[in-house]
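Visitor: Supplied in structure tokens, the structure appears directly below.
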Amino acid sequence: MSPYSLSLLASVSPKMHTLLSFSSSHSPHLPNHNITKSNNKLSHSINGLSSCPSSPLLPSATKSSPFLISTSKIASFRVLAASSIPDARSDEPAKTSDFLKTFQLGAMFATWYLLNIYYNIYNKQVLKVYPFPATITAFQFGFASLVINLVWTLNLHPRPSISGSQFAAILPLAVAHTMGNLLTNISLGKVAVSFTHTIKAMEPFFTVVLSALLLGEMPTFWVVSSLVPVVGGVALASMTEVSFNWIGFTTAMASNVTNQSRNVLSKKLMTNEEETLDNINLYSVITIISFLLLVPCAILVEGVKFSPSYLQSAASQGLNVRELCVRSVLAAFCFHAYQQVSHMILQMVSPVTHSVGNCVKRVVVIVSSVIFFQIPVSPVNTLGTGLALVGVFLYSRAKRIKSVQKTN
């Protein structure tokens with residue numbers, strides 16, 4: 001049989017199949033009386049496909065087949081159809097996987113924001129009636145350390161093996177992390193949640209300054225330009241803030257310095273790839289070290305404040321002992337959970353995207369705290385806060401432009 005031969009299995013009746021053989025030449029194995037001479041040229045058209053002159057057919061096939069198609073057309077049609085089916089099927093899992101990844105990332109961002117809202121609300125409620133920020137911060141670190149060790153014990157995440165050089169690199173980060181959280185809690189205890197987070201919108205400014213001083217990274221024109229509305233907005237909001245307090249203002253500003261020092265030092269110190277931990281384990285080790293550092297400092301500065309007399313003093317200001325303990329635990333849980341989710345998101349997206357998400361998070365926290373605590377906000381204060389947050393967003397965009405230029 002020639003290479004242009006093609007076999008089709010055509011259904012004649014429910015109980016019978018006839019094998020049709022299309023060939024470009026007569027088959028030498030068929031008897032002459034079974035061959036129909038191709039004197040008449042037949043042409044048929046199906047779905048716009050024109051047939052070519054028919055080939056010799058079996059009589060039974062001629063009777064049962066309702067149409068004739070050229071072998072070249074059928075072959076090309078079958079090849080195209082067969083090749084298109086796997087591609088269509090292969091695209092479906094990819095689209096499904098992309099949708100699930102996007103949905104998962106969106107859910108994680110929503111969880112991150114929700115945990116931040118509850119943390120700031122519960123934390124503020126506790127600090128108002130129990131004004132011992134060092135003790136509360138140490139308790140939050142202790143609760144997070146307990147959860148971290150539970151996760152490692154249950155093998156939900158691999159336990160890291162810390163070398164001496166790794167510990168030496170992590171220790172400065174842990175000191176900065178400890179100071180940053182302690183100063184933030186001091187500020188939250190003195191001023192409104194919305195004002196503390198407005199001041200913390202100044203973080204990009206200190207990132208640029210510290211990166212230039214410690215890493216020698218000079219900012220671009222667009223990065224510097226984006227910092228103008230940040231600084232101006234924070235200044236405008238501070239001048240019109242009802243709950244303004246110098247302790248709250250300076251501690252929030254100092255927390256910006258310490259938190260951004262931690263981020264810059266992590267770039268400078270954690271440079272050896274062999275010694276670098278993943279984001280979750282790095283946060284976990286820093287948290288445990290922070291707990292061990294802060295407990296003696298809290299006792300030294302504030303004393304032991306878990307005595308019944310201090311707990312009863314909180315009850316006289318609106319929260320009984322049970323409510324104080326429950327909200328302290330909830331605040332500590334939200335504190336650890338939102339930090340973990342934040343580091344999980346950082347492993348899935350670029351640092352610039354994470355920075356934009358952090359900007360949106362600050363907006364969500366400010367708006368939710370103003371609504372929940374019914375904080376009086378003047379139009380000028382709202383303008384200053386909005387200007388600072390727009391500046392943070394522009395800073396994120398400017399950093400994205402810088403990262404694209406580096407890749408090019």
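Cβ atoms are placed via backbone N, Cα and C, with glycine included.
Reproduced below are the annotations present in TrEMBL:
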TRANSMEM  103-122  transmembrane segment
DOMAIN    104-396  domain 'Sugar phosphate transporter'
TRANSMEM  129-152  transmembrane segment
TRANSMEM  164-184  transmembrane segment
TRANSMEM  205-224  transmembrane segment
TRANSMEM  230-259  transmembrane segment
TRANSMEM  280-301  transmembrane segment
TRANSMEM  371-395  transmembrane segment
Visitor: Looking at the stretches 103-122, 129-152, 205-224, 230-259, 371-395, which one shares the most CB pairs under 8 Å with the transmembrane segment (164-184)?
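Guide: Per the Cβ under 8 Å count, 230-259.
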Visitor: Have the transmembrane segment (205-224) and the transmembrane segment (103-122) got at least three CB pairs under 8 Å, pairs 6 or more apart in sequence?
Guide: no
Visitor: For the transmembrane segment (280-301), could you work out the same-chain residues 6 or more beyond its ends whose Cβ comes under 8 Å from its Cβ atoms?
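Guide: For the transmembrane segment (280-301), the far contacts come to 132, 134-135, 137-138, 141-142, 144-145, 148-149, 151-152, 157-158, 160, 162, 170-171, 173-175, 177-178, 181-182, 266, 270, 336, 339-340, 343-344, 347.
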Visitor: Taking residues 6+ outside the transmembrane segment (371-395), which of them lie with a CB under 8 Å of any CB in it?
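Guide: That would be 121, 124, 192-194, 198, 201-204, 223, 225-243, 355-356, 359, 362-363.
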